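Undergrad: One structure coming up, written as structure tokens, with questions to follow.
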Amino acid sequence: WFELLNAFEFEWTVYILFFTVVGLFTVFEGALLWGTLRLLTRLRNPPVFHFGQLLKIISEAPVSGASLAFIPLSIASTWILVMFADPDHFFPNVSSGDPENPSTINFEDVPGSFLNTLALTEETIAVYRVGRMGACFVIVGIYVMLLCVRLLIPTWHDDKQEDNVNHVEQKQDVLHDDDDDEDAVPPSEVWKPYVWKRANLLFYALILEFMLLIIWEFSYSAEFEDNVLMFQIGFKVVVMIGDVFMEELLRESLLLAPLTVVISSTEMLVTLGASDFTDFVQAYVIELTMMVVERVYLAWTKSVK
């Protein structure tokens, strides 16, 4: 029975029950750690654990933001699937998959390479369709990144005129209006600190995504499957070292937060590369324990300017 459970041979309801047990164990581990620290504290009057206030702080903003982002992203993803998904697995869509009667709406009649001068087949149509679908998802992702960068680093020129560098330069030009025109310095088109800051964040975000993509692809390999725990611990060490460099590069907690969320999500989701149910649960528990130890005993030593 255990071997069948370990090989994911039962119905999904059985695994829902076991995953619920794992979730309850997670809550128990957190409560046990908090109680232990509470008993061992040297404070005469330790602070009260305000569960309701903490839950509101950490859940309200993510739920609201995820709900608002879900609507446009779901519309864009559905449109891409309708245009380019496999007609045998996603309905409805405009793909035909028939080389004799290709769909012109999603460019099935157009080869995906200028070097391809042969007649289209079902295999080539499927390859080009998947490539176009992937390109659309990449474009949507980059567009969302640009929007997020503008939201994280807004331009306050309209509401904060006194902080606008161009506004200050205009005032200085008025004060020195009697000076010689030869000594006047023309306004610079290069001095755009908001653009620089956005480009800096976008640059490091793309580098991070590229590195995480390599980790995602490697997590599907047989070598990772056979050595999940070793790679998991090594990845945690690399992430802790990388956090120090990212703090020095970005210098702001607000800019570092979304990148940290992506890294944490990757740390948890790569455990899906485990070969069986036991390895998956074991990897999850070890990852959870390392995360708790890091946040309680190591994270407080970090200082973000």
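Quick reminder: no glycine exception, Cβ is built from N, Cα and C everywhere.
Just lifted these from TrEMBL, have a look:
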- 12-40: transmembrane segment (TRANSMEM)
- 61-85: transmembrane segment (TRANSMEM)
- 130-153: transmembrane segment (TRANSMEM)
- 201-222: transmembrane segment (TRANSMEM)
- 228-246: transmembrane segment (TRANSMEM)
- 253-274: transmembrane segment (TRANSMEM)
- 280-300: transmembrane segment (TRANSMEM)
Undergrad: Of the stretches 61-85, 130-153, 253-274, which racks up the most C-beta pairs under 8 Å with the transmembrane segment (228-246)?
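TA: Going through each listed stretch, the top one turns out to be 253-274.
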Undergrad: At a Cβ cut-off of 8 Å, and with pairs 6 or more apart in sequence only, do we get at least 3 pairs between the transmembrane segment (130-153) and the transmembrane segment (12-40), yes or no?
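TA: These two segments do not touch.
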Undergrad: If we skip the immediate neighbours and take only residues 6+ beyond the ends of the transmembrane segment (201-222), which ones have a Cβ under 8 Å from one of its Cβ atoms?
TA: 145-146, 149, 152-153, 231, 235, 246, 249-250, 255, 258-259, 262-263, 266, 270, 272-273
